[in-house]
Amino acid sequence: MSNRGMLIVLSGPSGVGKGTVRQAMLKDKDQNFKYSISMTTRNKRPGEVDGVDYFFRSKMEFESEIENGGMLEYAKYVDHYYGTPLRYVNETLESGTDVFLEIEVNGAMQVRKKCPDGVFIFLTPPDLVTLRDRIVKRGTDDAATIEKRLEKARSEIKMMQNYDYAVVNDKVELAVHRIEKIIESEHLRVPRVIDIYKKMIGVVNR
Ligand SMILES: Nc1nc2c(ncn2[C@@H]2O[C@H](COP(=O)(O)OP(=O)(O)O)[C@@H](O)[C@H]2O)c(=O)[nH]1
Ligand SMILES: Nc1ncnc2c1ncn2[C@@H]1O[C@H](COP(=O)(O)OP(=O)(O)O)[C@@H](O)[C@H]1O
């Protein structure tokens, strides 16, 4: 209800279900946020579409975006760049619409510094065995990459303490419900609505 949109950041270890949860949230007709499509230098997976899942770019193109100040944040993850184009986020927030980022922890911490009033949510697996099973089941990574991702998952889970909320992804619909409740509550925080009430008091006093 404040004029500016709210920035919602979702992180969590690889394979925890961030993409699945995000897609389920986007399908919900009652949601009001826009998803910010990231830019990456990693290869397209089967079924992925440029400009829908990611903006797939070369290393050179990505680095030139960084130099031109076009990224809100970026990080290297398992040998590739991933980052959030700045302009879409700014324009959408300015228009009063919430923006949803699904990014890894280093990028999220950059965003936290630039946008301290954002809402930072960490999606956790019920346990590490479940996490491994999900990565294997997804079938998008070879054995070496799975090991790298699991190793990284352990260090990522330690970063949970830098987030505002921890949401366990036991069942997709439950995780989605928890995140939607968080967003709803965050919109009611007094610092976000105070301007509206100041205006109201101004009208009443006249
Ligand atoms: N910092 C940052 N991380 C991102 C961005 N987009 C995606 N990621 C993260 O990069 C990691 C790898 O993504 P991806 O290769 O699609 O694999 P998956 O999410 O594990 O299936 C995940 O943790 C994503 O959340 C971004 O724009 N910035
Ligand atoms: N709550 C859940 N229960 C069971 N399987 C899940 C759940 N959430 C996601 N998955 C499955 O786990 C795998 C990894 O999910 P994905 O969304 O690709 O994770 P991430 O984007 O975090 O890397 C996929 O095969 C997905 O279908």
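Using the three backbone atoms N, Cα and C, a Cβ is placed for every residue, glycine included.
Segment annotation: TrEMBL labels coiled coil over residues 136-163 (candidates 24-51, 136-163). Less than 6 Å separates the Cβ from ligand 1 in the case of S14, drawn from the binding-site residues G12, P13, S14, V16, G17 in sequence order.
Within the same chain, residues at least 6 positions away in sequence whose Cβ sits under 8 Å from that of G12 (ATP binding site) are K18, F122, L123, T124, P125, E156, N169. Excluding G12, P13, S14, G15, V16, G17, K18, G19, which define the ATP site, the same chain contributes L123, P125, L131, R134, N169 within 8 Å (Cβ to the Cβ centroid), listed in sequence order. In this structure, K18 (ATP binding site) is part of a helix by DSSP.
Minimal Cβ crowding within 10 Å, among the binding-site residues V16, G19, is found at G19.
Taking all protein chains in view, 24 other C-beta atoms sit within 10 angstroms of the C-beta of G15 (ATP binding site).
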